[in-house]
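Quick look at what TrEMBL annotates:
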- 245-260: compositional bias 'Basic and acidic residues' (COMPBIAS)
- 241-263: region 'Disordered' (REGION)
- 308-348: region 'Disordered' (REGION)
- 459-478: region 'Disordered' (REGION)
- 356-389: repeat 'TPR' (REPEAT)
- 393-426: repeat 'TPR' (REPEAT)
- 431-464: repeat 'TPR' (REPEAT)
- 273-291: transmembrane segment (TRANSMEM)
Amino acid sequence: MPRKIMDISLVEENKSDYTFFKIDEDENEDNKTLKALKQTYVTSNYKNETILNLQKELKTNSSEISKEIKLDSYNKYNNALDLATRHYITKAVEFIEEAFKLNPKDPDILNLKGLLYLLKCDFSKAFESFYTSQCYGNNELSRKYVNLLSSKDFKVFLERYNHSIRFINEELNEESIEIFDSLKLEEPELIEPYVISILLYDRVGDNAKKKALLEELRCIDKDNPIFEKFNEDGENIENSINKNVEVKTEESTTKEEISKTNKKSNKKDKKHIILYSVIAILIVCMGAFYINNQKKINDLNEQISSKESELNEKDKELSKKDEKLNEAQKTEEDAKENDEKLKEQEKEATEIAKGAENLYFSANKYKQAGDYKTAIKYYEYSLKANDTYKFREDAIYNMALSYQKLGDDDNAIKYYKKFVNTYKASSNFYDDSYYHLGMLYYKNDRLQDAKNAFYDLRGSDPNSPYNNSEKVKEILRK
């Protein structure tokens, strides 16, 4: 982007500063620029026709901007450009907005505004800025980005982006992270995928990856508001404050409970004293009547007490034996469970160490032999291997297919959705995944979901042979 010349003598007063739209200063009236943009964001042919029509309706009723105001807007534009060059994108957005308010028809200001909002992933504002700039100046940069944001490739990119957001709403955190990881590899300058990934890693408790992403984000947007949420070690500041509050609350609650317990125990003691007094009086009265038989009664009481003591001792011994037996059984069960977990972990580590290629072909052998459960396990191993990138696509599809063979429709749908939401239409098994997904929806009486899947297949891969399937056509007619 070019810097603005700050010599006021060179600033032109553009008296023929025509506008394609009526942009009134009154905030209560509708913004016709945005309205026109929304109406024309359909196809490139329709957009070009709209521009030609608007050019025929040029009017000269726009207010003039003084040299001083233009100079001030150029200064803020240069500040925004300098900040963006040094990767202070958030502050650069504030400066370019101030420049835009002063000089809303300058193509350079509009183009920089569009670029900054594109980096921030506010695609609607970016498109509006580039489109308006094209109308005012019809320059090469704005035309390039208007065409880019109207392209089929960007539509596919945006669908994947929106799918990852839907995954977050459905609490499918791992699936959302996977899509954002691929988006960051494709477009490493976009800021929001880093911000959302950091929050997701914070949610799942992966502090190492969260801290690494914070460092990466610091290289492209040094003053992003997300840094106010985490300290230098990547710890969530708000969570640590909430923990302290919770501890204090628990302490105060415990004190109140102890106080209430003490009051209740005092009341019970008073009641017991009264009860014991009544019993003592009754015993004295009874002793007066049965004084002659006191010795027999005492002997009988001693025998009963002796029997009760023996029974109590036996009960205690039995209870101790039961406790020891239960502890021994629990210890034995825990040991077995831990041994099984360790063996499984050791086996998994041993298998993963063989590499994704070896694991993937082993999984294929089990699948061909009809052992789908073992095949699924080895596909999972291959996805955890370090060199999984080449086989990840095929492994996800074959896992979905294996679950389908086992009759586990829920997991089959899960992995087919994961495939179509992660990869592009040019990928292997893309249309196969959509077809199986639609048929599974239809099998499970989810007709609308099945239709949506087949319509999505038509839109993203119009040349797929499945679009001409009679069964698909029959379902879409229902």
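Cβ atoms here come from the backbone N, Cα and C positions, even for glycine.
Here the repeat 'TPR' (356-389) has a mean pLDDT of 85 out of 100. Away from its own ends, the repeat 'TPR' (393-426) comes close to residues 156, 160, 163-164, 167, 175, 178-179, 182, 360, 363-364, 367, 372-373, 375-376, 379-380, 382-383, 432-434, 436-437, 440-441, 443-444, 456, 460-461 of its chain (Cβ-Cβ under 8 Å, at least six residues beyond either end). For the region 'Disordered' (308-348), DSSP puts the residue distribution at 41 helix, 0 strand, 0 coil.
Secondary structure of the region 'Disordered' (459-478) per DSSP, as helix, strand and coil residue counts: 14 helix, 0 strand, 6 coil. DSSP places the residues of the repeat 'TPR' (356-389) in helix, strand and coil in these numbers: 28 helix, 0 strand, 6 coil. Look at the repeat 'TPR' (393-426): DSSP puts its residues at 28 helix, 0 strand, 6 coil.
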